[in-house]
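What follows is a single structure, written as structure tokens, with notes after it.
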Amino acid sequence: MKAARLYGIGDIRIEDIAEDELKDNSVRVKVTAAGICGSDLHNFKTGQWLASVPVTPGHEFCGTITDIGSNVENFAIGDQVVADSRAYCGQCPACEAHQFNHCESLGFVGEVCNGGFAQFVTIDEKSLIKVPTNVAPSIAVLSEPLGVALRVVNQLSPERGDAVKVYGGGTIGGLTALLLQELYQCRIDLEEPNSDRKQLLSDIIDLDTVERYHCAVDATGVPAVINEIISNIQAGGKVALVGLPHANKEIDILSIVEKEIQLIGCSVFQNEQHQIIDFLERLAPKLEKLISAPIALDNIGETYQILTSQQVPYLKAVVQP
């Protein structure tokens, strides 16, 4: 089969490789769509989270089951599925408490095992979620970042109609803003320096300007932005942190204490990706405006280069092998 293989920093190749072995608890999936995530690009630029190489990247994928192992009970040939990106041990205290996003050895599909930038992927059944067949594959792949966004919303726990300032209009920030408005009718003030990206999001979200806010989301990971939020948010406010910083910098602890600000970490998701499946059909008309035209697997290297060097007129690049 044809697959994209990441060999190291800046080195991704299209190769013909054998399909992985179908084990008793695994499922073989014909990939119909796969999203390129910021973490895919981060690994391409740094190799930071790769367990071994070469590896087939891609943890946001949708496909149709073509074969199942002898012990598989929850899936059948012909099911449409998406990947649960978390590769967890299932045995540590966090996993025993079903807090798989806190697994002591947490890894991700496409980093510790082969992912979806291929014609087929063979994967443990625990890493798959069923999706109704009336949901287009290009929409279904967004269930993974939407799961992350819903985790942010759940952690922030806003009141209906709250004013929320969202910093960062990338995939996670943009989808979080969308869900805050769709689920809680929040007034959204989006801080995004890229005017084209902000315009794209304004087509699906009613953006506002709020002078005073009690809830905020940081999807940038930039310490200066976090300090700006701390400075401007109302006393007793809540800040959901989902952006990943590139370095630890000084944060204004004094203001956090004096204003009794709650800083809330948001890491991947727990059940949120499962929960968001029920919303995909409803959200589809808006989500369609955020995705690229189909990208051929052969062009993934070129697309990586474009995504790491210039702005693009979409929020999510979708590969269709």
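Glycine residues also receive a Cβ, built from the backbone N, Cα and C atoms like all the rest.
Fair warning: this is a prediction, and the values are worked out from it, not measured in the lab.
What TrEMBL annotates here:
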type	residues	note
DOMAIN	24-132	domain 'Alcohol dehydrogenase-like N-terminal'
DOMAIN	199-281	domain 'Alcohol dehydrogenase-like C-terminal'
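Looking only at the domain 'Alcohol dehydrogenase-like C-terminal' (199-281), the predicted model's pLDDT averages out at 93.
Residues of the domain 'Alcohol dehydrogenase-like C-terminal' (199-281) grouped by DSSP class, helix first, strand second and coil last, total 30 helix, 13 strand, 40 coil. Taken residue by residue, the domain 'Alcohol dehydrogenase-like N-terminal' (24-132) breaks down under DSSP into 19 helix, 40 strand, 50 coil.
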